[in-house]
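What follows is one structure encoded as structure tokens, with my remarks underneath.
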Amino acid sequence: MAAVFLACFPILLILLLLFVGRLSAWKAGLAGVFAAAGLALFVPYFETPIGKLYTAAVKGALTTSLVAYVIFFGILLFHLMNVSGVMQSIASYIAHSTKDPIRQVLLLAVGFSPLVESSSGFGIAVIVLAPILISLGFDRFRAVLIALVSLSAVPWGSLAMGTIIGASLGNIPADKLGTGSALLSLPTFFYFALLIVYLAGGWSGVKRRFWETLLVSGVCGLSVWGANRYVSVELAGVFGSMAAIGAELLCIRFTAERAGYEKRAAEAELSAAKETLPGGERGSGIAKTFSPYLILITLLLLSRLIAPVEAFLQSRLVLSLPAYGFSLPLLYSPGFFLGVTCLLTCFLFSLGKGKVIKSLRSTFVQATPVIGSTLFYVVLSEMMAAASMTDTLAHAAAALFGGAFLFVSPLIGGLGGFLTGSNTGSNAMFIKLQTQTAIQLGISPELVAYGQNTASSHSMMASPSRVLLGVTVGDVKEREHEMLKKITLITLGTICLVVLGLGAIALFSE
């Protein structure tokens, strides 16, 4: 019993520091690393040679470098597009496609927000979406809540880095983890879309746009699943969001003759008057406006679908350290293509030196704590595994929960996502423990990993750090507690759907 408590101590310490001490994720992660190292060096249960701990720390740092490569350029792309006015142009185009607030949120929250999250990640979509919704006339509190719920594609955020790291730590193929997570997310896409429509227009809006909501969310979910299964896990979120935007624009086009009726109904559903977006002119062509995303998609597709290109990129400029099982093909990583897209964005939109420097500064400020927290959680995971703490906890969890562990695993993943505010951080903390426990019980480790990855991703929207970000952007900080309560209830509903989905998959796979 003492061994189990001590093995839990680094994780319990992190939870305590995050939830009670209100420390930032990277500070809590650093404390967890020191706690794990101290236990491994000085407690007889886990006594581990310092050389083995050093190797674990290096492996964790090398794994984090894969993430950092993508995170840095993903956040930089957002800032470059923001200072160039591209984000505002895209928002203006979408907002002016329809005057119906329900359709606006379907375009923005179900379509556009996952696109931003998939390319940049880490809640940046909230920063983009909340001000747009406020400028369209939505109540500030409601706008922030919609923006938080729109974080529906987190398993594929930052070109699926959290999922890829989870796959690496859990010894599961990335495409398999991505496909399984997409399958579990099919009902959650509809759940989030329905909530977004309800928040925008109440029950009358849901009744009026139910089938359209089902269509758009279904297209998004199925496109994400198809991209994971047949194309690339990195591109799945981008494909899903583009497909959702296309489906909603087609709905708007084919029902244009009813615009007069829809306008009256929309005005009745939204009390606040509509306002034109600042700088809402169309500017340059829409193709050029979307060009950074189109360039990124094209480059990634060429590198993943054309075998000679894929082989060339995987064999050139490869950083390899066999002793640590590490390999980073610099030209094949999504980070390289994000970097190329950033460079082309600077040329396409003629960004001056001042704007580029401003973007780089903003990127360093935003990316440093994200990369730091990821580093500490991954190093913690490697250290706990090296010191047999993960094995100890896996045996204890197997004895405690038995076959019911399959349905407990999403709760563990959800807790990790809620507290760390990161799918990557949650997977680094828990996925190795979860898969090892599953093996102990004879349960499919893939199924448990699906639940961990999906639940942790969809719980991120309720993370106190994400809620604070949202209420700060929306200027409703005095209602932070109310926002946290509402989004937590929504997240609990999501976890219930994930648990039911796991049960259904387990039933039909027998």
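Cβ from N, Cα, C; glycine included.
Copied over from TrEMBL, here are the features:
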type	residues	note
TRANSMEM	35-54	transmembrane segment
TRANSMEM	66-95	transmembrane segment
TRANSMEM	115-136	transmembrane segment
TRANSMEM	143-169	transmembrane segment
TRANSMEM	181-201	transmembrane segment
TRANSMEM	213-231	transmembrane segment
TRANSMEM	237-256	transmembrane segment
TRANSMEM	290-309	transmembrane segment
TRANSMEM	329-351	transmembrane segment
TRANSMEM	363-380	transmembrane segment
TRANSMEM	392-419	transmembrane segment
TRANSMEM	487-508	transmembrane segment
Beyond a gap of at least 6 residues from its ends, the CB atoms lying under 8 Å from the transmembrane segment (392-419) belong to 3-4, 7-8, 14-15, 18-19, 45-46, 425-427, 429-431, 433-434, 436-441, 443, 447-448, 451-460, 462-463, 488, 491, 494-495, 498-499, 502-503, 506
Stretch among 35-54, 181-201, 237-256, 329-351, 363-380 sharing the most Cβ pairs under 8 Å with the transmembrane segment (115-136): 237-256
Before we move on, state whether the transmembrane segment (290-309) and the transmembrane segment (66-95) share at least 3 Cβ pairs under 8 Å, counting only pairs 6 or more apart in sequence. yes
Flag the pair the transmembrane segment (66-95) / the transmembrane segment (181-201) as in contact if three or more Cβ pairs fall under 8 Å (sequence separation 6 or more). no
Rank 35-54, 237-256, 329-351, 363-380, 487-508 by Cβ pairs under 8 Å to the transmembrane segment (181-201) and hand me the top one. 487-508
Annotated stretches the transmembrane segment (143-169) and the transmembrane segment (237-256) touching (3 or more Cβ pairs under 8 Å): yes
For the transmembrane segment (35-54), distant same-chain residues with Cβ under 8 A (at least six beyond the ends): 2-3, 6-7, 9-10, 13, 380, 383-384, 386-389, 392
